[in-house]
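Asks: Encoded as C-alpha cells, here's the structure I'll be asking about.
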C-alpha cells in the first residue's frame, strides 16, 4: 500500500492545485526554460523509464562490441568455444530490441501526453489574450509560428530524445570497453574527438541560425500569401496580381539564399566531422598495428594483452562506432536548442498576463438588472501599437440607459474606439468607463460581453450553415427563434430562396454570400442574443435603400420597445436621424470651435475635448457652421451618379455566390478543370440538411451538433475534392507528373547532377570501407610477420585517410549542390503555384478546401515537400540504391554463401522498413492509416483553424465563442 501511495504522490500533477482560469507562472530567473517545462509527475516517471531502457539498449550495443572481441579470440584459439559467444550475441540482440521497444514506447507515451496538454492549453491561451496582443502580429505568421513550435516540441520530446539517450549509452559503454580492451588504441583514436565535437557543433549552430532566418522569410511569405488570398476580389479589381507575385517572390528568394549560404558552411562542418572519424579510425588502426608489431618483436611489457588480436579488434571497433554515435548526438543538441527556443516562445504566450482575460471568473456575473447607462469620464487612450498617437486625451461622454446614441465624425476620430472600450477589447490608459455607475473592470468579462451584441461594418461569418451562424448569438436557439430574427433582419426572404434554405453552407468567411446578405445574417445573430446593449457599427452600410429602410425600421422598433441601450456608428445620416442623442467627434488636432452664444464653451466643459457637438438631429442641424449641419447639407444635395453606381454594385451581391434572382439550374453544370462553387455549396448544404435533426437533438447544443455534422461533412468534401482532383490531373499520369514537378531542376541541372554524383560517391564509401575493413582486421590477426604487418599498416592507414578525404569532399559537395537544386525547386514551385492561384477565377476560391489558410499551407509546407521529393529524396534513393548494390556485389564476390545470406536479410528488411516508415509519421508519432477515404486533420488543418480564429478574434471574443472553438480544436 505504501508503495502505491508513494508512486501516486510522485506522479501527481502539480498544476491540479491551480484555480480555474489561473495560469501558472514560470520564473525564468530561477531556472532556465527547457523542453521539460510541460512535464508533470507521470511524464517524469515515463522519462525515467525511457532513460533506463535506452541506456540499457545503448549498453547492449557496447556489450556487443565486447562479445565480438571475445568471439574473435575464440576463433583464433583452437580450443575456444566460439558457438557460446554467438549465442550470447544473439541474446544481446534480443535485449537490444526489447529495450529499444520499451524506450520508444515510454517516450512516445510521454510525448503524446504532453502534446495533449499543450494542445488543450494552446488555443485557450491564444483566445485568453486581449486584443492588443494580436495588433502586433500577423495572423498567419502567429498561427504558423505557434503551431510549428508545438510540433517541434512534440517531436523533440518523443522518439528523437529517446534515441539520444540510447546514443549516450552506446558512447559510454563503447568507450569503456575500448579502454578496457586496449587503452592505448582508445586514447589515440579519441585524440581527434575535440575536433569532431567542435565541427559538429559549429555546423549545427550555422544550421540553427539559418533556420531562424528561413523561418522568418517563410512567415513573411505566408503573410503576403494570406493577405492576397483573403482579398482576392480587391487584388483582381486593381490588377495587383503582379505586385503580389513580386512581393511573394522576394520572400521566396530570401529563403533560398539563406538556405544555400548555410548549406556551404554546414556541408563543410559535417564534412570535417566525417574526415575526423576516418582519421580517428586510421590513427587507432596505426597504433594497434604498432602495438602488435612491438609484441611480435617482444618489445611489449604486457605480452598477454598485446598478443590478443581480439582485444585490438574490440578496441578498434568500439572507438569507431562510438565516434559515429557522437556525430549523431551533436545534431540532437542543436535540435534541443531549437526546442528550447520553441518552448520559450510558447511559454511566453502562456505566462503573458492578459489585460482583459475572458477566462477570469472574477467580477459581477449577474447583469440581468443592468439598465445600460454608460459613462466615459476623462478617458485617455492610445492603441498599444501606436502609443505615441493619442486617440483620446480627455473624452467625456454619457450614453443614457435605454436610449440610442449615434457617433458621427470623420474617419479616425475615434468612433470605433469608443465601441472597443465599451466592449473591453481595450482598457483606457486613464479615466474610467462605467456601466450603471460601476467600472467595467468590476464586471466579469464573459458576462459583460454576453450582455452586449455587436454588428461590425465588415461582419465575420464562419464556415457553417446560415442557421448555425445566427445561433452563435444564442447556442440553444430553436429553428423558430432563428427564423423570427431573420425576418426582423429582412434576411428570411433571401435565405428561403437559397438551395438549402437555412442549412445553406456560407463558405469560409461567408464568401458564398454577398456583402448585404452577410450583414443581414450578422444583424440576426445580434438580435437573437436579446442584449442589454446593442452596438451597430455601420451595420446597414452594405444594404440597398429598400432593405436598409426595412431593417432600420425593425431596429428602431426593437430599440423603442425593449429599451435597449444602442450605440450607432454611421456615415449616412438617414440611419441616425432618429437617434435620441447624436455625438459629433472630431480629431484633437482639428477641433471645431463652436461660435454660438456661449454654447461652445459650455459644451467643452461638459463633453471634453473630443466631443464637439452633442444633441438631437433637430438641435444639431440648427447650429450655425456646425459640423453636423454641414454634413446634413452635403447629404441633402443627394448622391452623385458615381455614388449611385457604387451603391447599386454593392447591393447587387457580386461578392457572393448566392443571389436568388440570378439562380438557375445551369449554374450547377461542371466546368472543365473543376466544379462550379455553387454545385459544391449545394452538395454541402444537402449534407447540412441531412444532419439538421442531429444538430437539434444534440445534448451539447450547437457545439456538439455542429462538430458531428462537420465531421460527417468532411467525408463528402473529401470525396468531392478527390473527384475534382481527377479532373485536374486527368492528363498527368505518374511519368508526366514527375516531369512537370521536376521541371524546375532544369535551371540547376549541373548542380543537381553534381549533387547526385557526390551523394552516390558518399554512400558508396561505406561498402568500399567495409571491403577494406576485412583487410584491416586481417592485419591484426596475421601479426606473426612483423615486416608485413609494418608494411600493410602504413598502406592501410593511408587508405583510411584517403577515404576520409573522399567522404569530406563528397559530403560537402552533395550538401551544397543538392541544396541549390532543391531550393530552386521549392522557390519555383512556390512562385509558380502562387502565380497559378492568382490566375484563377473567383469560383476557384469558393471551394471549402481552398480557404486562404489552406492554400497558404500548400504554398508553404507542400512546396517544401515537393522540393524534398524531387531533389532530396530522389538523390537519397539513388545513393542508397547504389550503395546497396555495390555492397551486395562486394559481399557476393568475397563469399558467395555469406553474400546469399546477406541478400536474404536485405530482402526481409525492405518490407519491414517500409511498414515502419508507414506507421511512424509526423516526426515519430505512431499512427496507422485507416484507408485513403478518411479525411484526416493534419497540422495544416490546425494551423488554418487557428489562423481563422485569430483573424476573427474580435467576433470570437464579442460572442464568447471560446468554449465552442476549444471543443472543435480538441477534436482535431
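Using N, Cα and C of the backbone, Cβ positions are placed for all residues, glycine too.
All TrEMBL annotations are machine predictions without curation.
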Asks: Have a look at 20-41, 86-107 and point to the one annotated transmembrane segment in TrEMBL.
Replies: 86-107
Asks: Could you check which of 778-795, 796-813, 814-831, 832-849 is flagged in TrEMBL as transmembrane segment?
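Replies: In TrEMBL, residues 796-813 carry the label transmembrane segment.
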Asks: With TrEMBL as the source, which of 133-155, 225-247, 248-270, 271-293 is set down as transmembrane segment?
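Replies: That would be 271-293, the stretch labelled transmembrane segment in TrEMBL.
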Asks: Under TrEMBL, the annotation transmembrane segment belongs to which of these stretches: 705-728, 729-752, 753-776?
Replies: 753-776
Asks: Please identify the stretch among 44-66, 157-179, 313-334, 876-895 with the greatest number of Cβ pairs below 8 Å relative to the transmembrane segment (86-107).
Replies: 44-66
Asks: As a test of reading the model: what is the averaged pLDDT for the domain 'ABC transporter' (374-612)?
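Replies: For the domain 'ABC transporter' (374-612), the model's average pLDDT rounds to 81.
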Asks: With Cβ-Cβ distances below 8 Å as the criterion, list the same-chain residues six or more beyond the ends of the transmembrane segment (796-813) that contact it, or say none.
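Replies: Same-chain residues near the transmembrane segment (796-813) but 6 or more away: 267-268, 270-272, 274-279, 281-283, 285-286, 289, 754-755, 757-759, 761-762, 765, 768-769, 772, 775-776, 779.
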Asks: Counting only pairs at least 6 apart in sequence, do the transmembrane segment (44-66) and the transmembrane segment (753-776) share 3+ Cβ pairs under 8 Å?
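Replies: When sequence-distant Cβ pairs are counted, the transmembrane segment (753-776) does not touch the transmembrane segment (44-66), since fewer than 3 lie under 8 Å.
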Asks: With Cβ-Cβ distances below 8 Å as the criterion, list the same-chain residues six or more beyond the ends of the transmembrane segment (185-203) that contact it, or say none.
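Replies: Result: 175, 178-179, 265-266, 268-270, 272-273, 276-277, 279-281, 283-284, 286-288, 291, 312, 315-316, 318-320, 323, 326-327, 330-331, 333-334.
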Asks: Residues sitting near the transmembrane segment (876-895): Cβ under 8 Å, six or more positions beyond its termini, same chain?
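Replies: Cβ under 8 Å, 6 or more out: 756, 759-760, 762-764, 766-768, 770-771, 774, 814, 902-903, 906.
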Asks: Is the transmembrane segment (753-776) close to the transmembrane segment (157-179), in the sense of at least 3 CB pairs under 8 angstroms with a sequence gap of 6 or more?
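Replies: The transmembrane segment (753-776) and the transmembrane segment (157-179): touching, no.
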Asks: Any residues 6+ beyond the ends of the transmembrane segment (271-293) with a Cβ under 8 Å from its own?
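Replies: Same-chain contacts beyond the flanks: 182, 184-186, 188-193, 195-196, 199-200, 203, 300, 306-307, 309, 312, 315-316, 319-320, 323-324, 327, 330, 776, 779-780, 783, 786, 789-790, 792-794, 796-797, 800-801, 803-805, 807-809, 811-812, 815.
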